[in-house]
Amino acid sequence: MAPPKLHTLFCLSGFLALVHPFDWRDLDPVTYIQSSVWIQRIQSELLITSFGHTTIPKGNGPYSVGCTDLMSGYTNQSSFLRLYYPSQDNDFPDALWIPNEEYFQGLTETLGASSFLGKLLKLLYGSVKVPAKWNSPLKTGEKYPLIIFSHGLGAFRSIYSAIGIELASHGFIVAAVEHRDESAAATYYFQDAPAAESGNRSWIYYKVGNLETEERKRQLRQRGEECSQALSWLLSIDEGEPVKNVLDLNFDIQQLKGSLDRSKVAIIGHSFGGATVIQTLSEDQRFRCGIALDPWMFPVGEDVHSKIPQPLFFINSEYFQSANDTKKIEKFYQPQKERKMIAVKGSVHHNFVDFTFATGKIIGQMLSLKGKIDSEVAMDLINKASLAFLQKYLGLDKNFDQWNSLMEGDDENLIPEFTIPTTMQSSTGTEQRNPD
């Protein structure tokens, strides 16, 4: 994920320019803007100028979806996950999309913007919910395939819910890792048990700056280790080992005992998370296959392609990948190895992220959160192609093979492998806007 483009959404010019101007020097802007009149004015102007929906789509599968957070222990060495899973009870509240004020602060610090912007973001998006039932009990009696999900640069565990919810609605348990490598906009841990009991969080924010290749590679190695660690912890829960969720939420973690199909484990990630998919597959053979969503290839090692025997699927946006990225991807195509690649026509890098649903058409396209393709159509293609791939290479007894043609790019809104346009990027892979 390229933070400058992602967070441009939250610049004041996107919506404050549309309301009646006032002189910020003569008042406290936060107090002023918190009046109900101004809240309604800003929100209504945002909706009027967006001309589109602002909700994250529900899952289309046969299962209801639950959601909870899990933390395996204390210190920043623990695993921190958002879990999406098939649920047996809908009589629970929907989960909060962005769960803490500090995440808004992290987004603004990633941008290098003022703290006021974070308060404004919280005002506008702090109460947004996702269509997954918070702490709803797991639907027991089945063994579910497991997906570990890795977020992009400047993101965090909860903002890929459109993907997590859709997969869970089709019978997967999805564990979205929140990385502690200073690539998340924000994350936290508890130093010890007293800190957890008192709610004293220790926060880690995005490491701002033009990081060199070696630092990105260090982060990538850590991310891969965190994905493997999350898998090991979930498998130990499945085995019935005594574990505790230090978040102490109203979710019985023992429900997960015996719930995983341990032979059917995959990894999915977007942008830096796509690079993490590649890194993790090269180090951990427990993952049977992987899906790299518009991967940020800059930190990927030159020889890692030779270390991945598992099937690998690249699903790209139309214009994010540079010519150098495509050359790196081509190296993964080797004899006797299962590789597939498609791109979603008219899509941009952030069509894979929930933020594509957080604003309507005009503002979304202006700020590169939406492409020319409808966001729901793009997400539907991404999810269906992923499901078809997962069925084929995890050996699932489902009906996802009805979408096998999507893996080959056989759709008017898809581009088959190696006919995908490339774009100009900076040396660190930051997306740049292409001329139409």
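Note that Cβ sites are derived from N, Cα and C of the backbone, with glycine treated the same way.
Counting every protein chain shown, the number of other Cβ atoms lying within 10 Å of the Cβ of S271 (active site, nucleophile) is 30. Secondary structure from DSSP puts S271 (active site, nucleophile) in coil. Per Swiss-Prot, the feature active site, nucleophile maps to S271; the stated evidence is similarity to another entry.
In this view, D294 (active site, charge relay system) is surrounded by 32 other Cβ atoms within 10 Å of its Cβ, with every protein chain counted. The active site, charge relay system annotation in Swiss-Prot covers D294 (among others).
The feature active site, charge relay system is assigned by Swiss-Prot to H349 (among others), with sequence analysis given as support.
Residues or ranges marked as N-linked glycosylation site in Swiss-Prot: N76 (among others). Following the DSSP three-state reduction, the secondary structure of N76 (N-linked glycosylation site) is coil.
Listed in sequence order, F190, Q191, P194 are the same-chain residues six or more apart from N200 (N-linked glycosylation site) with CB atoms under 8 A from its CB. Among the features that Swiss-Prot reports, N-linked glycosylation site is placed at N200 (among others), with the record citing sequence analysis.
Cβ contacts within 10 Å of N324 (N-linked glycosylation site), excluding its own Cβ and spanning all protein chains shown: 14. Residues or ranges marked as N-linked glycosylation site by Swiss-Prot on the basis of sequence analysis: N324 (among others).
Summarising the annotation, Swiss-Prot assigns signal peptide to 1-21.
Separation of the C-alpha atoms of S271 (active site, nucleophile) and N76 (N-linked glycosylation site): 23 Å, rounded to the nearest whole number. There are 14 other Cβ atoms within 10 Å of the Cβ belonging to N76 (N-linked glycosylation site). Cα distances from H349 (active site, charge relay system) to the recorded positions N76, D294, N324 are smallest for D294. Between N324 (N-linked glycosylation site) and D294 (active site, charge relay system), the C-alpha separation comes to 14 Å. On the backbone, the CA of D294 (active site, charge relay system) and the CA of N76 (N-linked glycosylation site) stand 28 Å apart. Using a 10 Å Cβ-Cβ cutoff, H349 (active site, charge relay system) registers 29 neighbours.
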